[in-house]
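Engineer: Have a look at this one before I ask anything.
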Amino acid sequence: MLSGVWFLSVLTVAGILQTESRKTAKDICKIRCLCEEKENVLNINCENKGFTTVSLLQPPQYRIYQLFLNGNLLTRLYPNEFVNYSNAVTLHLGNNGLQEIRPGAFSGLKTLKRLHLNNNKLEVLREDTFLGLESLEYLQADYNYISTIEAGAFSKLNKLKVLILNDNLLLSLPSNVFRFVLLTHLDLRGNRLKVMPFAGVLEHIGGIMEIQLEENPWNCTCDLLPLKAWLDTITVFVGEIVCETPFRLHGKDVTQLTRQDLCPRKSASGDSSQRSSHSDTHVQRLTPTTNPALNPTRAPKASRPPKMRNRPTPRVTVSKDRQSFGPIMVYQTKSPVALTCPSSCVCTSQSSDNGLNVNCQERKFTNISDLQPKPTSPKKLYLTGNYLQTVYKNDLLEYSSLDLLHLGNNRIAVIQEGAFTNLTSLRRLYLNGNYLEVLYPSMFDGLQSLQYLYLEYNVIKEIKPLTFDALINLQLLFLNNNLLRSLPDNIFGGTALTRLNLRNNHFSHLPVKGVLDQLPAFIQIDLQENPWDCTCDIMGLKDWTEHANSPVIINEVTCESPAKHAGEILKFLGREAICPENPNLSDGTILSMNHNTDTPRSLSVSPSSYPELHTEVPLSVLILGLLVVFILSVCFGAGLFVFVLKRRKGVPNVPRNATNLDVSSFQLQYGSYNTETNDKADGHVYNYIPPPVGQMCQNPIYMQKEGDPVAYYRNLQDFSYGNLEEKKEEPATLAYTISATELLEKQATPREPELLYQNIAERVKELPSAGLVHYNFCTLPKRQFAPSYESRRQNQDRINKTVLYGTPRKCFVGQSKPDHPLLQAKPQSEPDYLEVLEKQTAISQL
């Protein structure tokens, strides 16, 4: 009996609890939120209710439900915030301004399969952010400010298959971030990824079925080779991977480039230099702007947009009535929308917003209106390679959702006013390879969101003022390979350009004031292949490029005229060489390069838009510098060699026993003279034969001074000679003069050897006499002092001159016989000053 009562009590309590649970759930749906049951799943809609915490809600305990909390004020999620929500399978937390998720906030959500965190303010995904979500399969965190993901953020999400992280601020992905997950769909569009390594990232997503990598600033250099190699080996769907840098590859699809394009130096040194002819042809068509051999007035047929890779499963299901449904229908939160595609075109859809990529290239369309039926919500429209001649005003009225419009390589010569007015969301416009001649302002009305404008390879001759004023977000403008000769004032004043291509036009000079000074400081500009006239008019451009806040010049400005400067780089020319008559001339005052940055404008410039400064020296300049150094080295060596040879020839050969040199080293020559040959100086016994350096007489006045290496003579006082009047009456008398000289070329006639004495003590000896012939001599005493070798060497030239041109002061004439009648008298006379001066002049001329 007692047991029966107990059993009835338990049943009563259970019934009461079940009734209360149903009553509470009913009350939540009636009072606070809107509840709707679909396919046995309860949808609890609590959107825009102003909730600041989920603790105010009492979810049902015995039913599976989807909870929609979008548009509330849940800025922070604290630990155990959802501990009572164990039956939730879907949780929407979008548009809450959510900034922080504390560790353990999702504890208790063991059955949760889908989590939506889109459109919040999250910055970091930590390792403990998703604790408790072991059953999670779908994670959407797009449109946040996520810049950092820790390596173990997804390590506990072993069942995760779809990860949506588009439109965040990711610069890179950490190593092994996907190691413990089996992703099939990955969306990384609209981040700031430049490279993606294979090791640690790509190697862990081998089961991927779809990967979205568009709208990232991919740096197409050697660092991107791992991603390129991985893309070449997979067969899954891959969106467009468009190069942002370097400048030469901007706008090119990575999947259509070769290893040689990405890494020229590395490919040239390895085995990857081999290419298929198909790839070469396709790349050449894809990159018309980089081929200098093309006619600047008309481009070849443009390349096709990159073809999408085939997926293992159909991306778009098209029925007979051409209606299709978007991809990943299993994971969509909204009901699928029927999509239509024009006939003769191929359409693929965008995964995030069901937009279409419409590919209608080379279909022989003559008008855009020929596209029937109209595509539903097109995002990208490719009409390249058709026969379009005019873009009419009403052609694009139903294409307001376009993000990209490609009209390249048609025959477009006319764009009617207002043709693009409805394209308020368009960011990329391709008009390259057409027949446009004039650009005017109304041509681009309505394109306030435009960021990239391609106008290369037209026949543009004129740009009207204010043409680009409405393009306030324009960042890239390609005007290369046209026929432009000038630009109007303030043409770039209303833009936010970071890249400008004016290559291969007809510019001879560009004004700074009103044109170039309107550009921001960090712009990259290409001015090559223009006929620059390097005269005074180009001084403004030179000053602008050399300014402290100067832009990055892609390729140097090369002069074409005048002829003396043809082929020279403007930067290396001096101001005097360019404008010799006025080297200080400049094109107005160089205004601040940050002129446009002061204008209030909400621009988001990625780090890749800032130029990279390269300090590499051009190869031609390096070779020229080395050649100049080599020539200077050869000239210096030759000059040094000649100098050494001259020094060696100029050093005289001095005997080792120079200190013991005696008068015996002098050559004694005999010369006959007639005493009556000169009437003016008959009494002078010298015909001005300069004495040698050595001491010629023992008289103290002829002795050299101590330390003086040059011999000198005292004033002439005594001069001995015969009676002049008696000599005139006598027949010609032969006389011999004994002198020590090294420069007389005429030798005396042979005579019997006479004895000459080197010592005054030997004067007592008699010389042989023959009648009236007598001898005049000077005794040569031995030297009492000989200059050192060093002093003789240092003053050798001066000594030689003294020997040749020294003026004699005094000399003795010895008597031949004391009983000679003509020599008994010893008259003395002073020499004539004019005679001495005349003889000195004559000798100096010799």
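Cβ atoms here come from the backbone N, Cα and C positions, even for glycine.
Small disclaimer: the values here were computed from a predicted structure and weren't measured.
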Engineer: Need the cross-check against Swiss-Prot: the disulphide partner of CYS243, picked from CYS220, CYS222, CYS263.
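Structural biologist: Recorded disulfide partner of CYS243 in Swiss-Prot: CYS220.
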Engineer: Of the residues ASN422, ASN800, which is given the N-linked glycosylation site tag by Swiss-Prot?
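Structural biologist: ASN422, according to Swiss-Prot.
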Engineer: Among 167-215, 608-656, find the range that Swiss-Prot records as region 'Required for interaction with PTPRD'.
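Structural biologist: My reading of Swiss-Prot: the region 'Required for interaction with PTPRD' range is 167-215.
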Engineer: At the level of the C-alpha atoms, what whole-angstrom distance separates ASN84 (N-linked glycosylation site) and ASN422 (N-linked glycosylation site)?
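Structural biologist: That comes out at 50 Å between the alpha carbons.
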Engineer: Report, in whole Å, the straight Cα-to-Cα distance of ASN422 (N-linked glycosylation site) from ASN219 (N-linked glycosylation site).
Structural biologist: 33
Engineer: As a quick check of your reading of DSSP, tell me how many residues in the repeat 'LRR 6' (182-203) are helical, how many are strand and how many are coil.
Structural biologist: 2 helix, 3 strand, 17 coil
Engineer: Same-chain Cβ contacts of the repeat 'LRR 6' (182-203) under 8 Å, 6 or more residues past its ends?
Structural biologist: 142, 158-176, 209-219, 223-224, 226-227, 229-230, 239, 244-245, 328, 331, 351-352, 606-608
Engineer: How many other Cβ atoms sit within 10 Å of the Cβ of ASN422 (N-linked glycosylation site)?
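Structural biologist: Taking every protein chain into account, the count is 19.
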Engineer: Among the glycosylation sites listed here, ASN84, ASN219, whose Cβ has the fewest other Cβ atoms inside 10 Å?
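Structural biologist: Per-residue Cβ counts within 10 Å for the glycosylation sites ASN84, ASN219 bottom out at ASN84.
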Engineer: Go ahead and report the DSSP secondary structure tallies for the repeat 'LRR 3' (111-132): helix first, then strand, then coil.
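Structural biologist: For that range the per-state counts are 0 helix, 5 strand, 17 coil.
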Engineer: So, by DSSP, how many helix, strand and coil residues make up the repeat 'LRR 2' (87-108)?
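Structural biologist: Breakdown, helix to coil: 0 helix, 7 strand, 15 coil.
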